[in-house]
Amino acid sequence: MPYPWVNIGDKAAVFEATHGTAPKYAGKDMVNPGSVILSGVMMFEHLGWDEAANMIVKALGKTIQKKTVTYDLERQMKGAKLVKCSEFADEIIKNM
């Protein structure tokens, strides 16, 4: 899973995923949203919203532990259940 990235300046902060645009996957509902989600976590931590950040991290971890994952992780995990990007996000929400 690509990692999130942050650039914090004096007047602004930018939080983003560190992956390319992957146009061949556009509209296919299959790409792992983990890096984008973790970018949001970093933003919440920057804002001091630690409870929200922790809730998301725990839910993401629980979802992966249950082996309900997108194609990139499914091919690396024995017995994993393959889900679409949107279904992965739904599972994270359920695990909050």
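Every residue gets a Cβ built from N, Cα and C, even glycine.
Mapped onto three states, the DSSP output places Pro23 (NADP(+) binding site) in helix. All protein chains shown were included, and the count of other CB atoms within 10 Å of the CB of Pro23 (NADP(+) binding site) stands at 7. Sequence annotations record features per position, and here TrEMBL assigns NADP(+) binding site to His19, Gly20, Thr21, Ala22, Pro23, Lys24, Tyr25, Asn32, Tyr71, Arg75.
The domain 'Isopropylmalate dehydrogenase-like' annotation in TrEMBL covers 5-92.
When DSSP labels each residue, the domain 'Isopropylmalate dehydrogenase-like' (5-92) comes out as 45 helix, 13 strand, 30 coil, counted as helix, strand and coil in that order. Predicted-model confidence for the domain 'Isopropylmalate dehydrogenase-like' (5-92) is 95, expressed as mean pLDDT.
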